[in-house]
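Trainee: Here you go, one structure.
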Amino acid sequence: MAGPAPGRRLVALALIVALAAGLPAAGAGQAPRPAERGPPVRLFTEEELARYGGEEEDQPIYMAVKGVVFDVTSGKEFYGRGAPYNALTGKDSTRGVAKMSLDPADLTYDTTGLTAEELESLDDVFTRVYKAKYPIVGYTARRILNEDGSPNLDFKPEDQPHFDIKDEF
């Protein structure tokens, strides 16, 4: 699968910036939270994400869940080369996370046919494990763009204490 054309990436970037402008500011009497600087948030094609599967010792380790790309390098003992969950890295493993499965057939973004229990488990693990522990470094092209390459108007940046999309662009 070829990645989105450069023009589509610009449309997606414009969409992200437009959405960021609508993010809520700190409430009255609250100081804005400082953003911890990490790698810039970016759009990943399947091919680009595959480069971060933990095989290269000097590369970060990334995986996607629900189209959100997380840097799981700090969990190298779980996600690095030869580690128990290495099969989840370098791809969007949403179905595998939902089913608690490392079966290669389940290591995909496709959630078609998942049970209500599996979808609930997915949301729980996504929030309590990935969003709570690992920095967001980007989004998959599928999350930001529709199949036809048009912007996904339902796209919402994830809210995470160390993630402030305004600081990324």
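Along the chain as shown, residues are numbered 1 onward.
Just so you know, glycine gets a Cβ as well, placed from its N, Cα and C.
What TrEMBL records for this protein is below:
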SIGNAL    1-28  signal peptide
DOMAIN    44-141  domain 'Cytochrome b5 heme-binding'
REGION    148-169  region 'Disordered'
COMPBIAS  155-169  compositional bias 'Basic and acidic residues'
Trainee: Mean pLDDT over the domain 'Cytochrome b5 heme-binding' (44-141): what is the value?
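Mentor: Averaging the confidence scores along the domain 'Cytochrome b5 heme-binding' (44-141) gives 95.
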Trainee: May I have the DSSP-based helix, strand and coil counts for the residues of the domain 'Cytochrome b5 heme-binding' (44-141)?
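Mentor: With helix first, then strand, then coil, the domain 'Cytochrome b5 heme-binding' (44-141) has 43 helix, 15 strand, 40 coil.
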